[in-house]
Structure formats: C-alpha cells, structure tokens
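A.B. asks: One structure coming up, written as structure tokens, with questions to follow.
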Amino acid sequence: MQSLKPFHTFAVPAQAKNIVEITALEQLQQVWDGCRQENQPVLFLGQGSNVLFLKDFAGTVLINRLMGIEHNEDEQFHYLHVNSGENWHNLVEWSLSQSIGGLENLALIPGCAGSAPVQNIGAYGVEFKDVCDYVDVLDLNQGKQFRLTNAECEFGYRESVFKHKYAQGFIVTAVGLKLAKAWQPVLKYGTLANFDKSAVGFQQIFDEVCAVRRAKLPDPKEFGNAGSFFKNPVISAGHFALLQQEYPNIPNFPQDDGSVKLAAGWLIDQCQLKGYQIGGAAVHQNQALVLVNKGDATASDIVELAHHVRQSVAAKFDVYLSPEVRFIGELGEVNAEQAIS
C-alpha cells in the first residue's frame, strides 16, 4: 500500500494499493487495461483538491500529469487547447501573461484543467461553461478519443455529463477554451462590484480575486482542506419569501428559472459554527464554507462535522446542504450527500 496523503489537499490518512503518475495517453491506456484484467478499481486524481478519502482505496490511483497548452487565435477570439493535467491557477496566470482576459474571475480555484468541466467550476459570476469551447475525452474501454461540444457537456451548477454518463471508464484528456478579444469584465459579486467597469483591467480583477480568496481560504499546506465543502443551495421562490421575512438581510441570487440561490457560508455562519470542532476537523474561523483538518483529523471526523453542519442549517432554515467535495470509498466514489445525512 502507498500513502495518498501527499496527493490530496485534505491530507487525511489514506492509502492505495498502487499510485501511478500518468504523463502520456498510451501509458494511461496500458495501466487501465492491466487494472481491468486484474479486476482492480481505478481512480483518477488531478490535484486531489476536491476529494475526501473515507477509507483506503483498494485499487490503483492514477495521477494526471498530462501537460501542455496550445494557443491559436482569429480576429475575434483566443483559442486555448489545454491538456488536462495542467494546474488551473497556473493556466489563469499564463493566460494573463499572454494578455488574454476571461479567466481572471476563476483565479486560485484549486485543481487541474481536467477537473474544471467535471465540476463546472465557478466563482465571482463566471463558470467554466462560459469559457468552454469543447472537452476531449478518452473512452478507456474502447480505446477511442472523442470531442464534446459545450452543449453536449450538459453543464449545470457544479454539474456536468462527466458526473453521470461519462463518470466511469472515461477521462478528460484536454479542454478547449474560447476567450473573446473584446474582453468584458464580470463585476457582479463581492468587492468586484466596487470597480469602475469602464476603467478596470483583467489584472486588477485577478489581483482582487486572489487577495479575497487568500484572506478567506486557508492554505492547504497549513490546514488540510478541499476549498468550499458545500454547494450553495438553490431553493424555490416561495421558500425564499418565507426566509426573507425572518432574515431580511439574507444574501440571495435569483436564478433564470425563478428559483433562488443562497450563500451556504452565510447560512452556516448564522448557526454560529465558525471554529466548531469535532476531533481534528473544524469549521474554518474566517470562512464557514470551508472545513479544515487541524492536523490529525480522520475522514470520520470530517464526515461527522459535515453532518452536524448540515443538520444545524436544516434545523434553522429548512435548507439541506449538499457536499461539493467528492467522497471516495474503498472501491470508488460514493454518494456524498447520503454519507453526511
């Protein structure tokens, strides 16, 4: 067995039968075929920034190290072809160094490019789907590559076809990004709303997003964590109207379909849970949406804490939080919401 601690940011004690770093598609196919012959479970990991290992993993963990960025352009757009092992934040920095705007709101989101479409990552009013042109996928059982258009990815809030139809036996090998040369800032959220739309540049937005995220979010090197642990819940307009009567200042984001998205961090904060600790796991002092490993947390500490947070928010607001983090059991991914219910 090999330790998974260096390969995931929650840094809980967990091991895998084998760990293989993948640098080429041929190698990936070879290792996959070998695991299939031995009936061994396989797990793909990028930066390990959005997973919690509940138990030791009984099979082989493949670490994505497929690197490389290609840049093309026409009169209207920049086109980036990014291999899936590239670090997402490094990609954002690289694009700005090439004077390409459009990714600055997504700065400092942990993980690699291949995870971006799976989660449809998003922050500060921009989601991956807004910049995605296509996603390249390898069907490991057939040994064939294919390309999905943006529409075929079926993106939703922290949601995509890669969590369903293409969850097993498929891997994202590259993403295609399409970024308009006629850059428009997105200043809807938080302190970005203070900028003058006609005067701001993408570097300023990048710097502000980084400053805010660094102030709020703990460094995984100091306290193990997986960023935002819970998704922001979406509720009906009727439910929201009732909550707003009792909590007039409740942060809310109306959705196109009439539903209303709430800020999970605010809901947790109202339950006075910042700093609340179970075993070695705690709700972070500065950002209630983040659960941290204080150094000696076990997976069960984190699950128990997540359960307590979920129950507390449900009791106060009748809103049930769902984890954004993926839970990995002995044989692969398990239902995270069930695990903390």
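Quick reminder: no glycine exception, Cβ is built from N, Cα and C everywhere.
Annotation comment: Swiss-Prot describes ARG158, GLU324 as active site, evidence class sequence analysis. Look at Swiss-Prot and you will find SER228 tagged as active site, proton donor, backed by sequence analysis. The domain 'FAD-binding PCMH-type' annotation in Swiss-Prot covers 12-182.
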A.B. asks: Whole-number answer please: how many Å between the C-alpha atoms of ARG158 (active site) and GLU324 (active site)?
C.D. replies: 8
A.B. asks: Across all the protein chains here, work out how many other Cβ atoms are within 10 Å of the Cβ of the residue listed as 'active site, proton donor'.
C.D. replies: 21
A.B. asks: Including all protein chains shown, what's the count of other C-beta atoms within 10 A of the C-beta of ARG158 (active site)?
C.D. replies: 18
A.B. asks: Secondary structure at SER228 (active site, proton donor) (DSSP, helix/strand/coil)?
C.D. replies: strand
A.B. asks: Any idea what the Cα distance is from GLU324 (active site) over to SER228 (active site, proton donor), rounded to a whole Å?
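C.D. replies: Spelling it out, the Cα of GLU324 (active site) and the Cα of SER228 (active site, proton donor) are 7 Å apart.
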